[in-house]
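Okay, so here's the structure we're looking at.
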């Protein structure tokens with residue numbers, strides 16, 4: 001079985017990262033590409049399902065998993081834990097399915113240290129002006145909050161050079177095509193192609 005690839009995708013808020021991933025998943029079959037499902041200790045909300053939106057676990061279980069080094073990365077947000085299970089990711093990758101993980105640069109650093117074969121993608125907005133427009137377009141934040149989110153976005157963008165690939169999301173369809181092209185290129189890497197075409201290669205090179 002050919003191992004799937006873990007893709008780490010990061011971007012400042014407003015760059016369109018989540019929209020790109022969701023659009024990609026709509027065009028890729030589930031047996032081919034999936035999004036990572038995190039563990040969390042927060043309460044399940046109406047309409048959510050265990051194993052579909054999150055793996056909902058008690059605090060004691062989560063903290064036991066931390067002690068067992070079971071997470072590729074984790075963080076505490078307010079009173080709740082969120083984390084990416086190493087075992088859950090590896091089980092999906094072992095079936096040949098590519099997994100996409102939407103995460104910030106700090107989480108990306110943790111994951112690359114534990115899974116150096118992961119591929120990382122950073123998404124940039126086309127300009128600060130466009131990023132500001134997108135943040136304001138949500139019509140839900142005050143000027144103070146928008147200013148703080150912009151400052152956080154700039155801080156996030158300073159880490160773009162730590163990634164393998166860079167996408168500028170100016171035109172959404174072009175950015176989506178860029179994302180698909182990265183996946184296609186990774187699937188054409190020599191190591192993966194040798195496994196996929198092992199029988200053919202053996203016949204071609206046979207005396």
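Every residue gets a Cβ built from N, Cα and C, even glycine.
If you check Swiss-Prot, you get these features:
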{"type": "BINDING", "residues": "11, 12, 13, 14, 15, 16, 17, 18", "note": "ATP binding site"}
{"type": "DOMAIN", "residues": "4-184", "note": "domain 'Guanylate kinase-like'"}
If you count the other Cβ atoms within 10 Å of each Cβ, which of the binding-site residues 13, 18 comes out on top? 13
Can you check how the pLDDT averages out over the domain 'Guanylate kinase-like' (4-184)? 93
Name the secondary structure element type, per DSSP in three states, that contains residue 17 (ATP binding site). helix
Could you tally the C-beta atoms, other than its own, that fall within 10 angstroms of the C-beta of residue 11 (ATP binding site)? 24
Need the DSSP three-state call for residue 11 (ATP binding site) to compare against my parser. coil
Starting from the ATP site formed by 11, 12, 13, 14, 15, 16, 17, 18, give every other residue of that chain whose CB sits within 8 Å of the mean position of their CB atoms, in sequence order. 123, 125, 153, 169
Here are the binding-site residues: 12, 14. Which has the lowest count of other Cβ atoms within 10 Å? 14
